[in-house]
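Undergrad: Take this structure first; my questions come after.
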Amino acid sequence: MAGKARVHELAKELGVTSKELLATLKEQGEFVKSASSTVEAPVARRLRESFPSAKSADSAARPAAKPGAPAPSTPATSAKPGGPRPGPKPAAPAPAAPAAAAPAATPAAQAPAPAAPAASTATPAAPASNAPKPGRPTPAAPAPAAPAAPAAPAAASTPAAPSTGAKPGGPRPGPKPPRVGNNPYSSAPAERPAPRPAPGAPRPGAPRPAPGQGGPRPAPGQGGPRPAPGQGGPRPAPGQGGPRPAPGQGGPRPSPGSMPPRPNPGAMPARSARPAPGGRPGRPGGAPGGRPGGGGGGYRGGGAPGAGAGAPGGGAPAGGFRGRPGGGGRPGQRGAAAGAFGRPGGAPRRGRKSKRQKRQEYDSMQAPAVGGVRLPRGNGETIRLARGASLSDFAEKIDANPAALVQALFNLGEMVTATQSVNDETLELLGGEMNYVVQVVSPEDEDRELLDSFDLTYGEDEGGEEDLESRPPVVTVMGHVDHGKTRLLDTIRKANVREGEAGGITQHIGAYQVLTELDGNERLVTFIDTPGHEAFTAMRARGAKATDLAILVVAADDGVMPQTVEAINHAQAADVPIVVAVNKIDKEGANPDKIRQQLTEYGLVAEEYGGDTMFVDISAKQGTNIDALLEAVLLTADAALDLRANPDMDAQGVAIEAHLDRGRGPVATVLIQRGTLRVGDSIVAGDAYGRVRRMVDEHGDDVLEAMPSRPVQVVGFTSVPGAGDNLLVVDEDRIARQIADRRNARKRNALAAKSRKRISLEDLDSALKETSQLNLILKGDNSGTVEALEEALHGIEIDDEVQLRVIDRGVGGVTETNVNLAAASNAIIIGFNVRAEGKATELANREGVDIRYYSVIYQAIDEVEKALKGMLKPIYEEVELGKAEIRAMFRSSKVGNIAGCLVTSGTIRRNAKARLLRDNTVVAETVTISSLKREKEDAVEVREGYECGLTLTYSDIKVGDVIEAYELREKPRD
């Protein structure tokens with residue numbers, strides 16, 4: 001075949017389909033694209049050797065030569081037609097070692113492969129005990145040549161194994177001509193196959209074999225039993241196996257174009273069923289022209305795979321063990337060339353996968369399978385996820401498919417989408433199923449990591465001790481509602497703030513700075529006023545965190561109240577010193593000593609009782625002992641606190657409260673904790689950012705810079721920051737915007753995870769039923785009030801039949817956008833200390849949106865609670881109307897059975913519910929009185945002592961039965 005062979009041409013030549021041939025090529029490590037692709041000559045040769053149909057003409061034994069055919073050119077024994085088969089000629093006396101040493105098996109690494117055929121055939125097969133072990137070379141020590149001579153009579157006595165005798169001293173016969181179509185060196189006619197070439201002839205289409213690769217590998221078990229060591233005949237010294245032909249003696253190597261075409265396997269002569277004479281020595285009945293050491297007729301050599309025979313009866317070694325260079329291959333064939341067009345060595349087996357395929361399949365295996373979904377398997381690694389993370393975030397951390405996590409959660413009873421925020425418990429449950437430890441990062445840690453990504457820190461003073469300067473103390477006034485906190489601040493500031501508060505209660509945090517004297521020195525003190533109402537728990541906690549010292553105001557006539565205890569807990573949790581101000585000592589019934597005793601239970605022991613807490617009896621209304629209270633505050637601050645900060649660094653602080661001003665936009669009351677805030681600084685507070693355009697103090701005066709412990713109102717935010725958010729100065733607006741955006745996204749995810757109602761598969765039926773839901777939109781004058789109102793509304797205890805959902809919240813007046821959202825979602829708008837803007841009222845009237853305005857927080861809570869209870873399904877209770885006894889029975893073809901009754905108690909009404917009793921046993925539970933007559937006249941009701949006739953929706957009635965009528969009335973909820 002000229003040039004490279006194509007796959008489909010090889011398939012046609014080998015008698016197989018192209019698909020099978022492509023599969024074989026893939027098993028051998030040769031990857032071709034299609035049947036039209038070409039393959040290299042060594043690959044094509046391996047393919048021809050791999051298919052039995054192609055090897056039947058190459059390696060199978062042939063029958064004897066046909067009558068009339070020309071004899072081979074070599075002086076071999078030929079079979080005469082019609083005559084008896086000649087017996088073996090007795091070997092002539094072989095005088096020298098060359099004749100006896102030629103048939104001896106030589107090691108694969110030393111003996112030349114093309115042994116002399118005449119000398120090989122002259123030596124008959126050795127006895128079974130002397131046969132060499134396959135794959136094992138004989139000892140290298142040369143043995144005397146005598147054992148080879150007496151072996152001739154033994155072989156001659158076997159008529160079934162004729163052999164050609166060697167003539168001593170005569171010329172060696174030349175190599176036999178190769179078969180047509182297999183050897184390109186052949187010049188014989190193509191119409192008749194020629195015998196197999198002798199070992200000395202070069203292999204067609206392949207380089208000259210190296211020493212030790214002369215013959216094909218015999219099949220296992222066909223070479224006879226193995227001889228004991230040392231019985232396989234003498235091992236010749238190097239160079240005694242006959243001269244090696246010179247490179248020019250084999251004829252010129254033809255080009256691929258001059259090679260004759262390979263005959264079709266179907267046109268080759270069939271194998272003979274019986275052994276032909278002239279077979280290989282070592283097994284009777286070999287094919288003519290067989291190689292020394294071969295098996296019987298039609299079989300391969302008797303050596304083990306990958307090893308050569310070692311004694312008479314075994315062929316030359318053909319390569320090493322499998323898997324080694326020069327070894328492997330199919331049994332009886334030469335070893336594969338190491339690294340040539342595929343894997344070196346190694347026998348290609350059909351149906352086996354390569355190591356690469358096995359490795360790829362192993363790497364793609366994933367476990368465990370949760371609910372039929374394959375998930376990655378962890379080794380107890382810790383996965384850090386933000387609060388409110390989605391399954392997509394989780395999948396990105398563990399390199400998994402989000403859809404698989406969704407399916408796994410569905411099988412675990414949770415229905416979520418890939419981008420939906422998931423609560424902490426669900427994430428931990430899913431992580432445990434995959435052997436991961438899910439660690440939900442706290443908001444503080446997440447914010448710290450966010451600032452670290454921008455090389456920012458919060459909460460630490462820069463520089464050393466020499467950079468720190470003293471600052472005023474920050475004092476928070478805490479206590480129960482109506483105990484006089486704001487009046488105390490008014491007395492200290494000599495102002496009147498309380499009258500401006502709705503309902504006389506504080507609903508904001510106010511920050512003020514007061515100048516006072518201590519030992520003749522003027523000292524500044526910053527005061528923060530916190531609400532005392534129960535709804536403002538978060539604001540009190542925020543005030544405790546932003547302060548240095550707390551004044552606990554307790555009314556002497558009221559005692560310790562729930563919000564007093566809560567304020568103590570907030571201050572102790574923030575590790576803040578407490579000074580107790582016992583207020584209202586001027587009122588009747590005031591008992592300051594009782595207050596001291598009650599507070600002892602909470603760890604506040606007065607100094608006069610041996611403790612370390614300072615108690616001051618004051619009257620905020622009369623202004624009694626106010627100076628003593630300020631002195632106690634300053635003394636406690638100087639003794640217990642290190643009030644120093646670095647004023648030269650970028651400002652850091654906390655937003656105490658924030659609101660939306662109609663003319664100025666978002667305004668935040670900020671307490672500077674360290675550094676100095678200046679006009680023009682780029683700032684970020686929570687999810688709000690901006691640039692400081694203006695700063696105003698508590699008196700309304702403009703301030704250019706704010707030092708530590710200075711409360712100011714900051715104008716310039718793009719949105720209203722949350723109360724309690726940390727304020728930070730950054731280098732440029734771009735960084736502030738990026739920090740705010742990421743905080744906003746985190747806040748949204750956490751809020752979505754918190755508000756998502758968990759619905760399991762068991763509750764799916766009931767969840768899909770119509771449920772009552774009250775949607776609210778909250779608008780307030782500042783963010784702290786809106787936050788407190790939302791927390792209070794969510795704290796209303798109500799049945800699961802009704803859900804409360806806050807769909808939007810904000811600071812400022814009610815806008816048209818709020819009205820449109822309320823109209824689309826059937827929501828109610830609650831405005832706290834705000835009113836509708838522009839045409840929002842007209843739009844609300846046109847759309848039918850209800851807007852409620854409140855100025856006191858508990859009024860809003862009470863009305864929302866009533867609305868929620870009104871949305872509940874009514875509760876009915878059963879009320880007995882009366883009883884009637886059946887005295888007679890009448891039958892009618894139109895209405896059925898008619899009962900003549902006497903009303904024994906109460907009243908019997910038409911269409912009322914009833915139950916039928918027989919011998920004080922309920923026969924029918926839900927029966928309706930369908931008709932009622934009195935003296936042949938229809939009646940609506942019949943009272944006690946009167947007779948009546950009635951029909952029931954139950955026909956099995958008897959005389960003596962009792963009819964008990966009742967009705968269901970709605971029961972008011974508590």
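Every residue, even glycine, has its Cβ placed from backbone N, Cα and C.
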Undergrad: Can you say which of 379-383, 464-468, 504-508 is given as region 'G2' in Swiss-Prot?
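TA: That would be 504-508, per the region 'G2' entry in Swiss-Prot.
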Undergrad: If I go by Swiss-Prot, the feature region 'G4' sits on one of 15-18, 447-450, 471-474, 583-586. Which?
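TA: Matching range for region 'G4': 583-586.
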Undergrad: Match it up for me: which of 23-30, 479-486, 695-702 does Swiss-Prot list as region 'G1'?
TA: 479-486
Undergrad: Which stretch, out of 529-532, 673-676, 845-848, is listed as region 'G3' by Swiss-Prot?
TA: 529-532
Undergrad: Looking at the region 'G1' (479-486) alone, can you tell me the average pLDDT?
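TA: Over the region 'G1' (479-486), the predicted model scores a mean pLDDT of 76.
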Undergrad: Restricting to the same chain and to residues at least six past its boundaries, which positions have a Cβ under 8 Å from a Cβ of the region 'G4' (583-586)?
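TA: Sequence-distant neighbours of the region 'G4' (583-586): 483-484, 488, 553-558, 592, 617-622, 624.
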Undergrad: So how many other Cβ atoms are close to ASP482 (GTP binding site), meaning within 10 Å of its Cβ?
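TA: Excluding its own Cβ, ASP482 (GTP binding site) sees 17 Cβ atoms within 10 Å.
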Undergrad: What number of additional C-beta atoms lies within 10 angstroms of the C-beta atom of LYS485 (GTP binding site)?
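TA: A count of 28.
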